[in-house]
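Chemist: So that we are looking at the same thing, I have put the structure below in structure tokens.
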2 protein chains.
Amino acid sequence: MKQERTIRVALLGAGSVGSQIARMLLTQRAEYQARCGADLELIGIAVRDVAAPRDVELPQQLLTADAAQLVAAADLVIEVMGGIEPARTLILQAIAGGADVVTANKALLAAHGPELHAAARAAGVQLSYEAAVAGAIPVLRPLLSSLVGDNVQRVMGIVNGSTNYILDSMHRAGKTAPEAMQIASELGYLEADPTLDVEGYDAAQKAAILARLAFHTELPADAVYREGITKVSAADVALAQENEQVIKLLAIIEKTVTAAGEPAVAARVYPALIPASHPLAAVHGGKNAIFVEAENAGELMFYGAGAGGAETASAVLGDVLSAARRMVGGGAPVDPPTHAVLHPLQMTDMTTSYQVRLAVSDAVAVVSELTTLCAAHQIAVVHVAERGSEVALTTVRALEVKQQRLVAEMAELPHVTEVLSVLRSEAVAA
Amino acid sequence: MKQERTIRVALLGAGSVGSQIARMLLTQRAEYQARCGADLELIGIAVRDVAAPRDVELPQQLLTADAAQLVAAADLVIEVMGGIEPARTLILQAIAGGADVVTANKALLAAHGPELHAAARAAGVQLSYEAAVAGAIPVLRPLLSSLVGDNVQRVMGIVNGSTNYILDSMHRAGKTAPEAMQIASELGYLEADPTLDVEGYDAAQKAAILARLAFHTELPADAVYREGITKVSAADVALAQENEQVIKLLAIIEKTVTAAGEPAVAARVYPALIPASHPLAAVHGGKNAIFVEAENAGELMFYGAGAGGAETASAVLGDVLSAARRMVGGGAPVDPPTHAVLHPLQMTDMTTSYQVRLAVSDAVAVVSELTTLCAAHQIAVVHVAERGSEVALTTVRALEVKQQRLVAEMAELPHVTEVLSVLRSEAVAA
């Protein structure tokens, strides 16, 4: 009798996400049984301090400080405590004990993904983590299953809501970066230490996870080039708007080849210019979106909430019920294949387009100097604009190392007083 | 040895989609094996006329006119011939023979979904049809699995590319409806008989399929209220633009209750006004998008190509490789649950907002008459604008039957000479 299967669920963590998961498991139990054929019994919630005050009321008898004992009793473990330890040890314990695992822990997956996957493979259990990338938005499962017959060429994502909120405030409300950060902080969009968000570490972790699902390859998070948004100025935003462009912090993974012609992946996180008409340009506030380019499907976009307790819980429960269906129906877990060997490119070996803003002492003279310099570097200029003591130019796509050399020499030009800013442009076609 | 499992694949149909599926199966065979653990062997392609000329070259020895014999030899059958028969009979034959089935046939699913699902359930085979709704866009699998732990409240889709192309041309290129239809026809966006598209039948079929996945209920396509785009005029479009709105043909399914408080579904297809800032408003040309509102996930959108040979083939192959993974790994197929009992509402029992354009002989007098009339009907007006001999007004949300009665009486007002147009507005909040 399918309907009588009971699955003992352990929940690790009762923060904003965990408490929503508990609420949904407790209130939707009968409906979930109708949907997945199993009775999901929440047998306990591991927390650091059983007596701590909580925003959402949870049944006191479910709370425990002994996570290891709870894990030992479970068929399925949900990990939403975050951080590397003790999450890693508890997940490995769950896997070794034969329990399926659902986690939202992007930092752990980015740092220890291969270890966790290998353990799950060896134990024959399902490891799922839809909530680890772009919160509520279904994107990992579509990449794993819906697009498994296609060849994904490029994924461009707005995967960090805090930084999108900040850049969007600068664009739409005319805020300066410090003002926008202050508001984001007051609204709870930023952690006490905002470095993980604003310096792009969080986005780089998500890029690494996306590469596994989209490109069937292992990609360490530290192989993702990373630049944050702290250098983006109000003047950069104003210039972007003049040119009908928008600045977004993008996580980009792209299939390419090395100089020697070997298959490679160009993975990077940086603030970049995109056309205002691009679907990603309309992603406002704290929302996330993943833009996918596939050989056959063409352009796809997945849009929604990238964070939030209930939103993230929705993605976790999707994984939980899917895992439950497999426990009821039997069969092997789905293990994302990683047979593809793609060499991670260094940033200097990637192909980029630059927008450079220069302070100049003589605009006419500088334009002439720039023309000569760019010609010498064999990098064409697609757009140049002068306004008073400022000149802005955009280069064609070329090797990043060549763009860097070009900018270094621009700084030495007789009539250039300062390089005000350098931004990469994803608006210039290859 | 997982890796040595061979799956014999039969392809029914070699049109624009079928020929792309054949190409992908033949050229990606080794890569597909690495991704799903099975060797997908295309054993034959059923066509009406083996000797007919084809756009894409297919191996002659794979072509056969004997579809039934081909189906009998297959482990997995892909049906992309379209139409009800012989597709229905062949799919039932495949299922009875124990083969998994992947189809893109929305008309067949809308008309015979329950029969096909029941047969697949009885035979223990997987029936999949991601390509039947919104072409390349992964939406059915996300609803079935990623959102299975959430409660989807409303789905609003642009699911017909032809009509979106026509309406978009009217908005963005200032075309009249006949001009836009002529261009759409020349570009191959419209069938020889465009009725299925422009009268909303195609969108209604997709709404019925979406209801099964989103709401876990059976919904016959003829229980979906349906109005096409033929009455949308250039004047309607101009007024929408003035009000920062856009007219889109929407397929909407919404959870609601009957007057007696019973759970119900309001399913309808009609051209409607949405705010220009709505994510669906930015869906241009022949693109599709599905906007989903869920209790926990909030607002999600899935965007991409709704048609095209390679695009649709991408979705079909996603289903094929997912089915192959299950054949290799074992376990029960996933059968979309339909335990929810939702009464399909009649259009007259749904709640709508109306935008009415009136030709008038005296604008000032009419506004006074309208105020009195709307007050008598207890339907407030949220917006009214007069321009020369025309008055346009938008009502609050109220029962459709009341809106209809109100408009009938407007037509009888002393200073109203004609009701020029009636459009529903999804821009007015509840």
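Cβ coordinates are placed from backbone N, Cα and C, and glycine is handled just like the others.
Any TrEMBL annotation is an automated prediction that lacks curation.
Keep in mind that this is a model prediction, so the values were computed, not measured.
Features from TrEMBL:
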ACT_SITE  B:LYS206  active site, proton donor
BINDING   B:LEU12, B:GLY13, B:ALA14, B:GLY15, B:SER16, B:VAL17, B:GLY18, B:SER19  NADP(+) binding site
BINDING   B:LYS106  NADPH binding site
BINDING   B:GLU191  L-homoserine binding site
DOMAIN    B:13-130  domain 'Aspartate/homoserine dehydrogenase NAD-binding'
DOMAIN    B:138-321  domain 'Homoserine dehydrogenase catalytic'
Chemist: In sequence order, what residues of the same chain, 6+ apart, have a Cβ less than 8 Å from the Cβ of B:SER16 (NADP(+) binding site)?
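Modeler: Spatial neighbours, sequence-distant, of B:SER16 (NADP(+) binding site): B:ASP55, B:GLY308, B:GLY309.
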Chemist: Other residues with Cβ within 8 Å of the Cβ centroid of B:LEU12, B:GLY13, B:ALA14, B:GLY15, B:SER16, B:VAL17, B:GLY18, B:SER19 at the NADP(+) site?
Modeler: B:LEU11, B:GLN20, B:ILE21, B:ALA22, B:VAL80, B:MET81, B:GLY309
Chemist: From the binding-site residues B:ALA14, B:GLY15, B:GLU191, pick the residue whose C-alpha lies nearest to the C-alpha of B:LYS206 (active site, proton donor).
Modeler: B:GLU191
Chemist: Looking only at the domain 'Aspartate/homoserine dehydrogenase NAD-binding' (B:13-130), what is the model's average confidence as pLDDT?
Modeler: 96
Chemist: Near the Cβ of the residue listed as 'L-homoserine binding site', how many other Cβ atoms are there if near means within 10 Å?
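Modeler: Its Cβ shell of radius 10 Å holds 13 other Cβ atoms.
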Chemist: Given the recorded positions B:LYS106, B:LYS206, which one has the fewest other C-beta atoms within 10 angstroms of its C-beta?
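Modeler: If we count Cβ atoms within 10 Å for the recorded positions B:LYS106, B:LYS206, the smallest count is at B:LYS106.
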Chemist: Mind checking which of B:GLY13, B:GLY15, B:GLY18 has the fewest other CB atoms within 10 A of its CB? They're the binding-site residues.
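Modeler: Least crowded of the binding-site residues B:GLY13, B:GLY15, B:GLY18, by Cβ count within 10 Å, is B:GLY15.
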Chemist: Sort B:LEU12 (NADP(+) binding site) into helix, strand or coil using the DSSP assignment.
Modeler: strand
Chemist: Whole-number Å only: compute the distance from the Cα of B:LYS106 (NADPH binding site) to the Cα of B:VAL17 (NADP(+) binding site).
Modeler: 14
Chemist: Of the binding-site residues B:LEU12, B:GLY13, B:GLY15, which sits closest to the residue listed as 'L-homoserine binding site' by Cα distance?
Modeler: B:GLY15
Chemist: When a 10 Å sphere is centred on the Cβ of B:SER19 (NADP(+) binding site), how many other Cβ atoms does it contain?
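Modeler: 23, counting other Cβ atoms within 10 Å of B:SER19 (NADP(+) binding site).
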Chemist: In sequence order, what residues of the same chain, 6+ apart, have a Cβ less than 8 Å from the Cβ of B:LEU12 (NADP(+) binding site)?
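Modeler: Correct list: B:GLY18, B:ILE45, B:ALA46, B:ALA67, B:LEU70, B:VAL71, B:VAL77, B:ILE78, B:GLU79, B:VAL80, B:MET81, B:ALA87, B:LEU90.
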Chemist: Just how many other Cβ atoms lie inside 10 Å of the Cβ on B:ALA14 (NADP(+) binding site)?
Modeler: 25
Chemist: Below 8 Å Cβ to Cβ and six or more residues apart, same chain only. Which residues does that give for B:VAL17 (NADP(+) binding site)?
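Modeler: Listed in sequence order: B:VAL80, B:ALA104, B:ALA131, B:GLY309, B:THR312, B:ALA313, B:VAL316.
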